[in-house]
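Lifted from TrEMBL, the feature list:
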- 810-837: coiled coil (COILED)
- 29-95: domain 'HMA' (DOMAIN)
- 766-832: domain 'HMA' (DOMAIN)
- 117-138: transmembrane segment (TRANSMEM)
- 144-168: transmembrane segment (TRANSMEM)
- 180-201: transmembrane segment (TRANSMEM)
- 207-230: transmembrane segment (TRANSMEM)
- 359-384: transmembrane segment (TRANSMEM)
- 396-419: transmembrane segment (TRANSMEM)
- 701-722: transmembrane segment (TRANSMEM)
- 728-747: transmembrane segment (TRANSMEM)
Amino acid sequence: MNAGFSPQPVDSQASAADAALLANGRRTKKLHLKVGGMHCSLCTASIERAVGRLDGVRSVHASIAHEEVLVEYDPERVAPATIEAALEAIGFSVRAPDERLALLEEERELAIARRKALQAAILLAAASALMLASALFGPSRTRMLIMAALALYAVGGPARFIVARNGWQSVRRGILNQDVLASASALAGLGGGLVGLALPALPAGEFFGATVFVLAFHLIGGYTSVLVHLRASQSVRRLLALVPPVARRVAADGSEVTVPVDRLAVGDLVRIRPGERIPVDGRVVEGASSVDESLVTGESVPVDKLPGSEVIGGALNLTGALVVQVTRVGPDTFLQSVARQVAEARAMKPGILRLVDQVLLVYVPTVFGASVLGLLLWAAGSWLVSGDVDLLRASFAALGALIMGYPCALGMATPLALIRASGEAAARGILMRSGEAFQVFRNVRAIAFDKTGTLTEGKPALAGCHALAGTPSDLLKLAASAEHPSEHPLARAIVSAARQQGIRLSEPEGFVAEPGRGVRARVEGHDVLVGTSRFLAEQGIDLTPLHPLVERVQREGQTAVLVAIDGQAAGVLGLADRVKADARATIEAFRRRGIEPILLSGDHRRVVNAVAAAAGIEVVRAEMLPADKAAAIRELQHGGVRVAMVGDGINDAPALMQADVGIAIGAGTDIAIEAADIVLIGDRLSALVDAYELARRSYRLTAANVALALVFNGAGIAVAVTGLVTPVWAMGAMAVSVSLVLGHSFAGRLLPRPRPSTQPAPPPRMAYVFTVPTIHCEGCYRRIQRKLRRCTGVLEVEGEIPERRVVVIVERGRARKEELRAELERLGQEVASVEVLEPVGERY
């Protein structure tokens with residue numbers, strides 16, 4: 001699953017380079033090169049043969065879809081410069097080693113190809129006009145000479161490198177490729193035309209026209225290919241373009257200086273203002289804001305960032321100023337690593353593309369054989385029958401076979417389909433790291449899911465609140481107030497649930513936490529205990545009334561947190577890792593397609609069964625080690641079942657590697673992404689169904705393209721050998737075949753365009769709770785409410801007069817507590833304290 005992406009030698013970049021092996025006692029290295037000039041599968045075959053012949057080269061993989069070459073070589077026997085020289089000798093260019101410079105090189109190459117294509121189009125139009133005039137008004141010596149001049153200009157002008165360098169170097173190395181075929185066709189037409197000037201029996205104009213047509217379409221096809229490759233790399237370009245080139249570095253004295261991003265080091269502080277893109281990966285150390293990470297992670301709703309939150313370079317800072325400490329720089333940043341990982345396997349070709357390459361290895365010799373056969377049939381055959389050589393038919397057959405055999409359509413058939421599918425996938429947050437995934441994913445008959453973070457949200461949440469007496473909200477208020485100072489994940493889940501329900505928490509007194517057991521505190525005059533059954537029992541609480549509730553909660557796969565108030569059992573809180581909203585729909589979609597969903601988890605069977613029931617999965621394996629997951633997949637594979645595995649963590653990596661298709665979801669860990677063939681950016685499970693449909697439909701498009709090209713070219717060669725088709729008609733038929741493949745590849749969409757949500761995302765909210773002892777009456781509160789509601793970013797102002805508190809709900813980052821405090825003091829009020837409530841939803 002590894003292949004070339006980076007345009008530089010791997011040994012110059014540690015992140016991808018030193019994946020070296022010990023082979024035959026020698027250390028081998030991998031060289032990743034960005035190569036310009038590849039137009040079809042014959043180009044990749046030429047590269048693999050030319051470089052593969054070098055002493056010390058162990059393997060070569062070339063990807064036309066992304067113009068990349070991966071070479072594994074022995075550095076003691078061959079140098080990278082020798083490999084690059086071999087590529088340049090057969091007419092390919094090796095681009096700059098920096099990815100941003102490589103993109104500029106691509107733009108420059110596109111400009112050159114566009115200029116040559118424009119010249120070719122002018123030549124094509126002029127040649128067509130001259131041939132039309134000859135057809136309407138009869139042959140003319142003047143028009144014939146003009147046509148000869150056009151043909152000579154085409155050979156010596158925009159196409160001179162194709163004929164003089166690329167074609168000759170390929171022949172010299174014993175490689176028959178598209179350049180050789182185009183050169184042979186052009187030179188045959190030019191030679192036939194020159195002979196036709198002396199022999200009136202030969203239509204010199206048509207032969208010269210064939211030269212112009214062949215080279216013109218070759219140049220135009222080259223421009224189209226470069227344009228497609230440039231579009232194929234747009235996902236990487238967009239990722240890199242998200243990161244601004246400069247950043248504001250904060251010095252120790254608080255001053256700011258603007259520096260290039262590549263001069264930042266880990267530990268530096270950077271200030272990002274509202275409306276700016278975040279230039280680095282880092283951790284927030286000061287400020288609060290809402291950040292749009294949609295272009296990076298695919299999440300459409302802005303994410304709230306507080307001190308301690310991680311931020312990703314390229315995300316858009318929306319509302320507040322942030323000071324961020326740099327944690328990753330250069331190739332280790334999220335965007336750089338994703339860009340590298342997306343393309344790291346692109347030089348490895350799927351099976352159908354390897355099959356096309358094998359066909360093309362014998363295709364060009366076959367075309368030359370058909371051309372020679374046509375020449376001999378009409379030359380020798382007519383001489384044997386009539387004693388005269390039918391030079392006209394013989395030349396038509398030879399040149400027509402060369403033109404009809406031009407393999408542009410066949411060579412472009414598969415790469416175009418792969419590029420099309422990967423482009424649509426990227427637009428949906430699906431990154432296809434391996435071309436093999438397009439072929440294999442459509443054949444899977446089982447899809448295995450990890451539980452935590454894949455089917456579930458990966459964090460605990462309150463699933464149920466069961467009170468013995470009173471209301472559940474009263475129980476939750478006391479329990480959440482007692483847990484409020486705790487940092488335990490279960491305590492945070494209880495507090496978040498209370499705030500989400502709009503419950504006002506009270507300040508606990510005498511808070512004591514016993515790690516792994518529970519907490520005790522005094523809340524609103526009540527002694528509250530929250531924790532495990534053992535903890536409460538040790539405090540002398542009779543748990544008998546709670547046993548039925550505990551059994552019920554545990555039967556549902558939830559963690560039971562017990563609550564006692566004033567020495568009496570009060571109720572049970574059930575917490576669970578919630579199943580994602582789209583999990584069940586995704587599972588049902590795969591089952592409708594004949595794919596069996598399987599849940600593989602290391603968690604307790606009771607918890608796993610509850611998640612499986614919620615998601616609609618029937619086949620469940622629980623309490624598994626990472627090696628057990630890989631073994632379970634291997635067992636299915638031994639039974640002849642193709643298996644896909646979906647996971648997000650380090651413990652999933654062995655199973656992702658073992659599966660026929662490994663899928664990392666929700667960005668996951670680095671090792672999970674490395675092990676995956678497909679990466680889903682974001683947590684949308686339904687993207688799995690999109691990925692499967694893209695794989696299935698892209699393979700169908702590929703097969704149709706290959707069949708279309710083979711049938712058209714094969715039939716065309718057979719017709720051309722008869723000598724009944726003039727070179728001009730052969731050229732037109734070849735152009736039709738290319739147009740059919742191009743049109744078929746890019747007509748319509750593989751999947752319907754996703755419908756954008758019409759529901760606007762709610763603004764990120766938080767609350768400040770001001771304790772104001774100088775509030776004495778309703779009139780004081782009304783004046784405060786009217787004043788604060790006018791402040792920027794304030795959504796609502798609520799008062800708790802008996803407690804002398806003012807709750808100000810604001811859009812995060814748009815209203816600062818210092819400014820609100822100043823407004824209160826201007827009204828003559830005294831502020832004793834300020835509490836900040838975290839955002840949890842619409843209510844606090």
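Cβ coordinates come from backbone N, Cα and C, glycine included.
Any TrEMBL annotation is an automated prediction that lacks curation.
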#### Entry: For the domain 'HMA' (766-832), residues assigned helix / strand / coil by DSSP
22 helix, 20 strand, 25 coil
## Note on the structure
The mean pLDDT across the coiled coil (810-837) is 83
### Message
Using Cβ atoms and a strict cutoff of less than 8 Å, what residues sit near the transmembrane segment (728-747) while being 6 or more residues removed from its termini?
### Response
131, 206, 209-210, 213-214, 217, 221, 224, 399-400, 403-404, 406, 408-409, 412-413, 416-417, 420, 701, 704-705, 708-709, 712-713, 716, 720
### Task
Please spell out the DSSP helix, strand and coil residue counts for the domain 'HMA' (29-95).
22 helix, 23 strand, 22 coil
